[in-house]
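Record features, source Swiss-Prot:
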SIGNAL    1-18  signal peptide
DISULFID  CYS81-CYS100  disulfide bond
DISULFID  CYS90-CYS224  disulfide bond
CARBOHYD  ASN127  N-linked glycosylation site
ACT_SITE  ARG254  active site
DISULFID  CYS321-CYS329  disulfide bond
Amino acid sequence: MKYQDLLAIAGCIANAGAVSVSGAAEGFAKGVTGGGSATAVYPSTTAELVSYLGDSEARVIVLTKTFDFTGTEGTTTATGCAPWGTASACQLAINQNNWCTNYEPNAPSVSVTYDNAGILGITVKSNKSLIGSGSSGVIKGKGLRIVSGASNIIIQNIAITDINPKYVWGGDAITIDNADMVWIDHVTTARIGRQHLVLGTSASNRVTISNNYFNGVSSYSATCDGYHYWGIYLDGSNDLVTMKGNYIYHFSGRSPKVQGNTLLHAVNNYWYDSSGHAFEIGSGGYVLAEGNVFQNIDTIVQSPVDGQLFTSPDSNTNKVCSTYLGHVCQVNGFGSSGTFSQADTGFLSNFAGKNIASASAYTAVQSTVPSSAGQGKI
């Protein structure tokens, strides 16, 4: 065997041993294993990445470069609409499923040209771990779709960027719908047309969203101010969602919107710099928020709250949590932010017997989360 061949084999063995899932999921998706101990594969083309994610094998898929889907499926020029005006900083809307026609009939019609690859994400099937190597694993121009019964999936240490950011309905970064046991960890999302994360109307069951950096800075937004509106939308029919340690930055709304039948434990997250609101809680949204920091968030929760909300308002009230979560809830911290005080307790029994993420005092969040959330921070 040639010396060069031996070096290549040694390099592959080193790579396979060097990259693996870091840590373990806390909260509702505790126990998720993804691709488990499967031999790591290293896709080199967009087609190979799509194939690995969409097959029936248990896989550990390692990204070592940028996979740019821009232009891979062509572009479409069509008539859309401008619901928020035609100023240069305003998002335009694609007339997807006749949205402009049905919901914005009075909005000006405009020509839109968008990249087809962004509209629908890459299908991710069961028993997959998708891992980035260092800070080099990027999916550009296309998101991920965990749907149709997919389960036991880990997405860790990657970035998803640049999905038709000018256009509403241009595509989502991560879609979860009709799934179970999904862990999204240390992912960075930026410059997305629609939702950075969406859990659709079917049951997504047990999901943990941890240590991610949702970056809402954009040249285009529905509020025409550079603050992305479409952040995180949790709309499932039977969803248990843990959000812990996330950095949610520069949004003007829906960060998150919670409704359907969704139990959300929002713990030790850092919201920073919003031109609108953070939480929007619709019917069927049940939110417990503890140990978070809200900095420069004028409207923490949009009125009215049509679901139920426990904001962990004070140490005495928070004692009720110990019965159902196994710990006294932590108060939240605020800086230059609006009010956030509601103590609905009727839904707290829904946490009983579940896997619950631990909670730290909010004082540790501001100094640690921005520097530890997102890709390359493991």
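Using the three backbone atoms N, Cα and C, a Cβ is placed for every residue, glycine included.
Since the structure is predicted, the reported quantities are computational estimates derived from the model, not experimental observations.
Of CYS81, CYS100, CYS224, ARG254, CYS321, all annotated as recorded positions, the residue with the shortest Cα distance to ASN127 (N-linked glycosylation site) is ARG254. Comparing the disulfide-bonded residues CYS90, CYS100, CYS224, CYS321 by how many other C-beta atoms lie within 10 angstroms of each C-beta, the top residue is CYS100. CYS100 (disulfide bond) falls within a helical segment according to DSSP. Mapped onto three states, the DSSP output places CYS321 (disulfide bond) in helix. In three-state terms derived from DSSP, CYS90 (disulfide bond) belongs to an extended strand segment. Using CA atoms as reference points, the recorded positions CYS81, CYS100, ARG254 were checked against CYS90 (disulfide bond), and the closest is CYS81. For the disulfide-bonded residues CYS81, CYS329, the ranking by surrounding Cβ atoms (within 10 Å, all protein chains) places CYS329 first. Non-local contacts of ARG254 (active site) by the CB criterion (under 8 A, 6+ apart in sequence, same chain) comprise GLN195, TYR229, TRP230, GLY231, ILE232, TYR233, GLU280. Take the CB of the residue listed as 'N-linked glycosylation site' and look out to 10 A: across all protein chains shown you find 20 other CB atoms.
Here CYS224 (disulfide bond) is compared against the disulfide-bonded residues CYS81, CYS100, CYS321, CYS329, and the shortest C-alpha distance is to CYS81. Between the alpha carbons (Cα) of CYS100 (disulfide bond) and CYS321 (disulfide bond) lies a span of roughly 45 Å.
Here the C-alpha separation of CYS329 (disulfide bond) and CYS81 (disulfide bond) works out to 46 Å.
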